[in-house]
Amino acid sequence: SKAEMRHTCRGTINLATANISVEDSCNFIISNGGAQTYHLKASSEVERQRWVTALELAKAKAVKMLEESDDSGDESVSQTDKTELQSTLRTLSSKVEDLSTCNDLIAKHGTALQRSLSELESLRLPADSTEKIKQVNERATLFRITSNAMINACRDFLLLAQTHSKKWQKSLQHERDQRIRLEETLEQLAKQHNHLERAFRGATVLPAGTAGSGGSAKDPCCSAKGDLSDEDDDNEFFDAPEIITMPESMGHKAGPNTAPCPLPHPPRRTGSNISGTSSDISMDEQYKHQMEDTKKEKRTRIPYKPNYSLNLWSIMKNCIGKELSKIPMPVNFNEPLSMLQRLTEDLEYHELLDRAAKCESSLEQLCYVAAFTVSSYSTTVFRTSKPFNPLLGETFELDRLEENGYRSLCEQVSHHPPAAAHHADSKHGWTLRQEIKITSKFRGKYLSIMPLGTIHCVFHASGNHYTWKKVTTTVHNIIVGKLWIDQSGEIEIVNHKTGDKCNLKFVPYSYFSRDVARKVGTGAPCGLPAGEARGSARGPLSPQVTGEVMDPAGKVHFLLLGTWDEKMDCYKVAAGSGDNGAEGRQRPHEAEDSRVPLWKRNQLPKYAENMYYFSELALTLNAPESGTAPTDSRRRPDQRLMENGRWDEANAEKQRLEEKQRLARKRREAEAARATEDGTPYDPYKPLWFERKKDPVTQELAHVYRGGYWESKEKQDWSGCPDIF
């Protein structure tokens, strides 16, 4: 554009005014007729002619664009923008025509009025009447002049709008082009970065001289990196999540350690025909059929994740700085579990609380509670997909009373801000309850997830009541590179009965840390490729979590060391090491004989990388069960469709459910507004199984289980449940 031409870099030649001449068989000259001249040499006469032809065509295009810019001031815009502009101008023109018609009518009726007034003046009337008629005549003339002025002003406005709208359109199109160029550049950079990253990984995992030999590993728990790189080449750099998927039977090489999918599920499809032909069986019938299959034993497999590419940046670029819970996302970014089910996963290591309930010492009990707190983050190690946002009133139960001695219930008690209440009881003598509000912000390079709310754990025998809050979870490399998760912050666990405390510190990974990054290929859980199990982009080798367990006087009795994704150990501080245990804290590894392993992460199931990196517990959470409430997450249709690999149908179903929820919310708002106007009482939305109370310990308002769910389940009386699906 002309604006850009004023700011070109030194050495630029404007093609529209350039002189292109041939010197000999291989040389040609480009000049602007002034100080700038380029002598260029091609490798052959054919090559020279190709360049000259291309430059002449570009010059012709530049001249044409310059002429169009000079004539109309308008650049090439999209057909949609042109149509919209023309439609607006047509509307303005029609309005001005209407005003012109009104003006003609006013002029016509005004003339008739003046004629009538003139006739009145010619009649023999009292002097007062004649004076009044003259005044009316003058006002009618003034009104007609004003009307004409108004019409002229409208015409001027239309002319001005027609002139300037083209300039505005030109500026807008320029900004759009700039944005598109910036996005394309960023995308290209990210692709190059990803390609270099893959090349580097391939070079480090398969050194020179070993490629092509020893490709088949005997251990089924490992995976050949070389085979996977062939599959990665065609994938977008920002697939979310960036997980190694099952190779397809067509178009990809199958690795030597690739297992067939153990469950029957719809065949994978690519391109726009993802959904394929939908089944004739209704969702309810499918649910019943699956429920019968899972009655006998807990499932250990789910349909493998399809290999569908999706441009993450195309969606996330509009989300920077926004609250993600308010932004509609396709299921391609999700995992087939809801946030309520993810919350229930906190109970994966419930045996830590079982052991804590048996402790006679409150300080020892606090060590196990701290280990339980850390263990809840271990399920997030490779889980870079987001769970489904629960609908208001959605519930999830997990009844493991017979197998593990506990049962749990979650309910979505608020939608904006999203909040879920959770209550779990164990026959081993403990109760866990929490209300968590999730806030999240996308910062461009990373995504921060901040859980707000207090977690309570009460032991029945001793009456010890513990509370703590969660730390911030950060998902890195949203745009470029491999997604990885880190936890950071501090947790203070307080025993409100005895005053004992435990301070846990989650050390975030730092690029400037002196600690050695974790080695690739050590400690890989069964079913995961070694390089994926401990990637170099993970945190440092030194302990990521440190903690001190102290009495009310502040004296440290136990030290906790470990990592939130691996294990936690406890060290007893030796007596006589100072009032505050300073010396003991300085050399915990010297007291190896006092080390007590508190917790170690369970290995992931075989081929977990193809099943969203779900743990054994997570694989069972969405399995259909009989007798659950109609609001249970297992009955959510979009989540079930996504689990079965029918993502197009799942996206359509997700939109339907969200629209249904929006209409219900608007209906409640309208009822509230009517009640306010009429002065009649209005009952706001209340959760079915939880009620909001002031907690006597923390003095916070929180949703507490009111009871009745398990009794309703026993009677199969779900009459109070809302219709949300």
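Using N, Cα and C of the backbone, Cβ positions are placed for all residues, glycine too.
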Message: coiled coil per TrEMBL: which of the ranges 172-199, 228-255, 564-591 is that?
response: 172-199
Query: Taking 211-233, 257-279, 280-302 as the choices, which stretch does TrEMBL tie to region 'Disordered'?
result: 211-233
Arithmetic mean of per-residue pLDDT over the domain 'PH' (1-60): 82
